[in-house]
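Peer 1: For reference, the structure I am asking about is given below.
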Amino acid sequence: MARSKIALIGAGQIGGTLAHLAGLKELGDVVLFDIVDGVPQGKALDIAESAPVDGFDAKYSGASDYSAIAGADVVIVTAGVPRKPGMSRDDLIGINLKVMEAVGAGIKEHAPNAFVICITNPLDAMVWALQKFSGLPTNKVVGMAGVLDSARFRHFLAEEFGVSVEDVTAFVLGGHGDDMVPLTRYSTVAGVPLTDLVKLGWTTQEKLDAMVERTRKGGGEIVNLLKTGSAFYAPASSAIAMAESYLRDKKRVLPCAAYLAGEYGVDGLYVGVPVVIGENGVERVLEVTFNEDEKAMFEKSVGAVKGLIAACQGINDKLA
């Protein structure tokens with residue numbers, strides 16, 4: 001049986017980490033693509049030379065021509081520029097929209113049957129644009145946000161409670177940004193909701209609120225520490241979890257930026273919600289009930305996504 005093929009568009013820090021993780025988890029053969037010739041080839045060779053030590057047989061290649069992604073089963077997109085100091089949101093959108101247009105055309109021509117995971121920011125707008133530009137079915141194009149945001153929340157909670165991260169579940173919905181919605185009512189330690197743990201004296205509401213806020217600002221915290229870049233280990237791990245659920249038909253329930261067609265009262269947008277990922281891509285959207293506060297937070301988050309989409313449509317009339 002042929003190995004799966006994973007195409008990574010963008011061979012920067014996240015792309016290289018994705019390539020290494022795909023090998024370690026034996027998900028398939030990997031092609032790294034980047035417009036800067038030499039970088040994907042160099043990283044591919046470096047990782048291939050680590051394979052004898054780690055004991056995996058995946059084939060690695062690098063390319064700067066989209067024909068190399070032909071027939072990919074999974075495509076993970078990290079191409080684009082990060083937001084730099086002094087750059088406005090619209091500047092970032094304008095640059096990365098052009099990138100998504102080129103990437104979308106490449107996927108449409110060479111890997112139209114792939115499951116596509118977008119990581120490029122601003123995420124909720126870029127995954128929406130990528131689906132439009134590629135013309136792929138909405139269930140085969142998703143954005144990586146919620147898995148990462150939930151992982152950050154789980155890390156903070158596990159540290160606070162002094163328990164294993166394995167026993168902490170966290171629920172983060174909405175857009176990937178300051179308006180994300182960490183739902184404490186649906187987040188648990190060994191099945192016990194966080195709201196109950198506050199009542200039991202394990203933590204205080206103030207500490208819980210601080211962890212929620214730290215989760216919202218999680219990406220920025222790392223940017224401020226690194227000074228020359230942004231997070232790449234946790235984002236790569238998060239995207240690999242999504243790819244693995246698709247390739248192995250695990251049907252994991254993962255929070256992702258998924259296309260909504262009426263669910264949660266949202267139509268035609270990509271918003272972070274829990275979904276089942278299996279061999280058919282996004283197979284189901286899980287709808288949870290909100291209380292009034294959660295509903296207001298979610299609607300605010302959706303409003304922010306709508307603003308990003310409007311900005312995209314103002315920049316590129318093909319998206320209008």
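In case you wondered, yes, glycine gets a Cβ from its N, Cα and C as well.
Below are the features I grabbed from Swiss-Prot:
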ACT_SITE  His176  active site, proton acceptor
BINDING   Gly10, Ala11, Gly12, Gln13, Ile14, Gly15, Asp34, Asn96, Ile119, Thr120, Asn121  NAD(+) binding site
BINDING   Arg83, Arg89, Asn121, Arg152  substrate binding site
Peer 1: What is the number of other Cβ atoms found within 10 Å of the Cβ of Ile119 (NAD(+) binding site)?
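Peer 2: Other Cβ atoms within 10 Å of Ile119 (NAD(+) binding site): 27.
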Peer 1: Nearest to Arg152 (substrate binding site) in three-dimensional space, by Cα, is which of the recorded positions Gly12, Asp34, Ile119, Asn121, His176?
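Peer 2: Given the candidates Gly12, Asp34, Ile119, Asn121, His176, the nearest one is His176.
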Peer 1: Rounded to an integer, what is the Cα-Cα distance in Å between Gly12 (NAD(+) binding site) and the residue listed as 'active site, proton acceptor'?
Peer 2: 21
Peer 1: Work out how many Å separate Ile14 (NAD(+) binding site) and Arg83 (substrate binding site) at their Cα atoms, rounded off.
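Peer 2: Ile14 (NAD(+) binding site) and Arg83 (substrate binding site) have their Cα atoms 15 Å apart.
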Peer 1: Closest to Ile119 (NAD(+) binding site): which of the recorded positions Arg83, Arg89, His176, going by Cα position?
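Peer 2: Nearest candidate: His176.
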Peer 1: For the residue listed as 'active site, proton acceptor', find which of the binding-site residues Gly10, Arg83, Arg89, Asn121 come within 10 Å, Cα to Cα.
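Peer 2: Neighbours among binding-site residues, in sequence order: Asn121.
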Peer 1: Which whole number of Å gives the largest C-alpha distance between any two of Gly10, Ala11, Gly12, Gln13, Ile14, Gly15, Asp34, Asn96, Ile119, Thr120, Asn121, the residues noted as binding NAD(+)?
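Peer 2: Farthest Cα pair among residues binding NAD(+): 17 Å.
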Peer 1: What is the interatomic distance between the Cα atoms of Gly10 (NAD(+) binding site) and Arg83 (substrate binding site), given in whole Å?
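Peer 2: The Cα atom of Gly10 (NAD(+) binding site) is 16 Å away from the Cα atom of Arg83 (substrate binding site).
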Peer 1: What's the CA to CA span in angstrom from Asp34 (NAD(+) binding site) over to Arg83 (substrate binding site)?
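Peer 2: Asp34 (NAD(+) binding site) to Arg83 (substrate binding site), Cα-Cα distance: 19 Å.
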Peer 1: Among Arg83, Arg89, Arg152, His176, all listed as recorded positions, which has the most CB atoms within 10 Å of its CB?
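Peer 2: Answer by Cβ density within 10 Å: His176.
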Peer 1: If one measures from the C-alpha of Arg83 (substrate binding site) to the C-alpha of Asn121 (NAD(+) binding site), what distance in angstrom results, rounded to a whole number?
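Peer 2: Rounded to the nearest whole number, the Cα-Cα distance is 8 Å.
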